[in-house]
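**Student:** Have a look at the structure that comes next, please.
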């Protein structure tokens, strides 16, 4: 295959225990990779066969391998070379490491036991692991030193290496709900719009929802609605990039009115449309309680 883009992609994530392999795996998952952690190296050929037999869902795969599977670990480098020689899958090896004193500090902070720490000190276990991984580090296509990195900085490095401009690595979820049915427990930001005029008290609108033009126009015609909306949308445009910089893969914005049928639905629709035009992110809109009150709508 001459075009690199036609290859299926396999990223092998390995490196020092405690250096941040789990963070790297989670980030790759957010980038759209199918991720498997702690796969025994002996199973790599079977997994490659599975990738080749699956056209879509396994086109980009990340596999985490470390010394927890030490009985099989010695064969890892050989298995990787065999896969490269097959020329069927584009193989990249990400090696995550950190300095000895940083790893010691992290283990003490988390109170976890190093996988090689059998009757030896923590620092001896770390140094032994570094020796065992030396050859594998030598064949790595990418090496990240996380010694001076917080998790969000490590995520940024992984995105820089494996992401692309077309990868939707951040998702905006806009949800309408009714306070009488309870707060959405997964919301990051909640706004209360019960102070706006309520279409429920107008007979011809009572059984409609904010998706209906009659209700939508009624909610939007008020001066206080427009003032609130402009302030709200400016705030969201300011804070959403901050959520991404902090390493979050998504943000859930919840707009609530009394029943989740009229005002919150109309505002959620307008907010979704503007954010979708403003940001180059994946966006989903869901009206949680409109089914309870009347109708429901969910869209991407």
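Using the three backbone atoms N, Cα and C, a Cβ is placed for every residue, glycine included.
Per Swiss-Prot, the feature ATP binding site maps to 15, 16, 17, 18, 19, 20, 21, 22. Taken from Swiss-Prot, the feature GTP binding site covers 66, 67, 68, 69, and the record attributes it to sequence analysis.
Walk me through where these features lie, including what they touch and how far apart they are.
**Tutor:** Sequence-distant neighbours of residue 18 (ATP binding site) (same chain, 6+ apart, CB under 8 A from its CB) are 98, 103, 106, 107, 110, 112, 114. In the three-state DSSP reading, residue 18 (ATP binding site) counts as coil.
According to its DSSP assignment, residue 67 (GTP binding site) is helical. Residue 67 (GTP binding site) is surrounded by 18 other CB atoms, counting those within 10 A of its CB over all protein chains shown.
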**Student:** Inside 8 A of the center formed by the CB atoms of 15, 16, 17, 18, 19, 20, 21, 22, which other residues of the chain have their CB, for the recorded ATP site?
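**Tutor:** So the extra residues in range turn out to be 66, 96, 97, 98, 146.
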**Student:** Between residue 68 (GTP binding site) and residue 19 (ATP binding site), what is the CA-CA distance rounded to a whole number of Å?
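**Tutor:** Computed Cα spacing between residue 68 (GTP binding site) and residue 19 (ATP binding site) is 14 Å.
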**Student:** Does residue 20 (ATP binding site) have same-chain partners at least 6 apart in sequence with Cβ under 8 Å from its own Cβ, and which are they?
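**Tutor:** Looking at Cβ-Cβ distances below 8 Å from residue 20 (ATP binding site), excluding near sequence neighbours, one finds 96, 98, 144, 146, 149, 151, 154.
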**Student:** Out of 15, 21, 22, the binding-site residues in the record, which is closest to residue 66 (GTP binding site) when you go by Cα distance?
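**Tutor:** When the Cα distances are compared, 15 comes out closest.
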